[in-house]
Amino acid sequence: MFSQSLTIEQVDPDLWQAIKGEVQRQEDHIELIASENYASPAVLQAQGTVLTNKYAEGYPGKRYYGGCRYVDIVEQLAIDRLRNLFNAEYVNVQPHSGSQANAAVYLSALKPGDTLLGMSLAHGGHLTHGSAVNMSGKIFNSISYGLNPETEEIDYAELERLAHEHKPRMIVAGASSYARVIDWKAFRQIADNVGAYLFVDMAHYAGLIAAGYYPNPVGIADFVTSTTHKTLRGPRGGVIMAKPEHEKALNSAVFPQTQGGPLMHVIAAKAVAFKEASSQAFKDYQKQVIENARVMARVLQQRGLRIVSGRTDCHMFLVDLRAKNLTGREAESALEAAHITVNKNAIPNDPQKPFVTSGIRIGTPAITTRGFKEPESEELANLVADVLDAPANTAVLDQVARKAQALCTKFPVYGN
């Protein structure tokens with residue numbers, strides 16, 4: 001029998017020290033990585049329950065194991081809440097990640113060698129949208145579309161030309177570093193014109209979509225996937241939504257083709273996050289996320305930095321560092337020394353290598369969860385600019401670190 005009084009600190013002090021260090025890092029550093037956020041205490045609690053003990057291969061009411069009465073309730077809650085949140089018909093909450101959700105979509109609808117038309121990774125797409133280093137680019141014939149070099153927005157004319165030239169079986173919309181509104185209906189029309197499936201990966205925009213501040217692709221696309229963290233502010237995981245005629249193929253593609261038992265403790269946390277996302281407080285939060293991103297982009301422009309495509313319509317944007325003669329890797333390192341966390345990111349047609357880059361990506365979901373509003377976002381953008389103006393100046397980095405820590409103290413993530 002286990003003693004419920006035993007703690008991680010008592011059982012595994014080495015691991016506990018690492019966890020404590022990460023807790024402190026999250027509290028003491030300002031998080032600007034666009035794909036990161038802070039899960040609520042309720043989401044964290046759900047992931048730490050005895051649901052982790054339960055195997056439940058299959059789906060509610062159709063399990064391969066006994067004893068699934070309560071996990072069926074848990075999964076059905078997640079299913080119903082996700083369906084209501086995005087006005088979806090079919091949903092699957094079992095994918096362990098966004099990448100696995102995407103893989104399930106491909107396997108459900110495509111055959112090896114079929115043509116896939118997705119956004120170029122170099123222009124803001126994702127590895128799983130046909131990159132040569134990902135299975136999506138190895139199993140399928142991957143063709144990439146990109147951005148208009150003048151506007152740095154999706155080149156819909158090029159997309160249509162490529163679609164007619166290559167006749168893809170599937171067109172993929174969605175991005176990992178694209179700051180503007182994506183026209184799902186334009187994608188739908190192009191897909192229909194060439195007889196292709198339309199698949200939308202809305203992982204980055206899901207929270208904004210749930211709140212009504214970004215167009216909803218559900219009902220427009222044949223398939224929609226998302227992660228459940230990022231702007232949705234849930235646990236790390238994935239989901240699939242689709243038109244009902246794809247239910248059988250998708251269920252099979254998730255289990256048994258790509259996964260075995262679902263992670264019931266994570267599905268419980270997804271259910272909590274979906275409930276939180278249906279609240280007015282969450283809608284207000286998403287509105288503030290966008291306002292904070294726009295404020296930061298404007299201030300950085302005023303400080304002499306170029307924002308890719310000129311502005312942002314969502315939670316993130318790319319900063320071109322070439323005018324500062326600075327690489328993304330150098331900027332990431334300098335900002336981390338000043339207690340501000342970003343990620344290096346390629347800009348469109350970046351001359352630098354992927355692990356060096358000419359830009360950084362900035363996102364505001366995490367700082368908005370802390371409680372930052374426009375004044376704090378303006379102050380923070382100026383701190384970022386101070387570091388980018390003098391990345392090798394230790395005195396500047398120390399001064400910015402002190403100011404960043406003061407903001408963190410004023411706006412804690414979890415408090416005590």
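Using the three backbone atoms N, Cα and C, a Cβ is placed for every residue, glycine included.
Residues or ranges marked as (6S)-5,6,7,8-tetrahydrofolate binding site by Swiss-Prot on the basis of sequence analysis: Leu121, Gly125, His126, Leu127. As annotated by Swiss-Prot, N6-(pyridoxal phosphate)lysine applies to Lys230, with the evidence given as sequence analysis. Residues or ranges marked as site 'Plays an important role in substrate specificity' by Swiss-Prot: His229.
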From the Cα of Leu121 ((6S)-5,6,7,8-tetrahydrofolate binding site) across to the Cα of the residue listed as 'N6-(pyridoxal phosphate)lysine', what is the distance in angstrom?
19
Whole-number Å value for how far His229 (site 'Plays an important role in substrate specificity') lies from His126 ((6S)-5,6,7,8-tetrahydrofolate binding site) (Cα to Cα)
16
Between the recorded positions Gly125, His229, Lys230, where is the Cβ count within 10 Å the lowest?
Gly125
Would you list, in sequence order, the residues of this chain other than Leu121, Gly125, His126, Leu127 that have their CB within 8 A of the centroid of the site's CB atoms, where the site is the one recorded for (6S)-5,6,7,8-tetrahydrofolate?
Gly118, Met119, Ser120, Gly124, Thr128, His129, Gly130, Ser131, Asn134, Ala175, Ser176
Most crowded position, judged by CB atoms within 10 A, among Leu121, Leu127 as binding-site residues:
Leu121
What whole-number Å value do you get for the CA-CA distance of Leu121 ((6S)-5,6,7,8-tetrahydrofolate binding site) and His229 (site 'Plays an important role in substrate specificity')?
21
Cα of Leu127 ((6S)-5,6,7,8-tetrahydrofolate binding site) to Cα of His229 (site 'Plays an important role in substrate specificity'): how many Å, rounded?
18
How many Å separate the Cα atoms of Gly125 ((6S)-5,6,7,8-tetrahydrofolate binding site) and His229 (site 'Plays an important role in substrate specificity')?
18
Provide the number of Cβ atoms within 10 Å of the Cβ of His126 ((6S)-5,6,7,8-tetrahydrofolate binding site), excluding the reference atom itself.
23
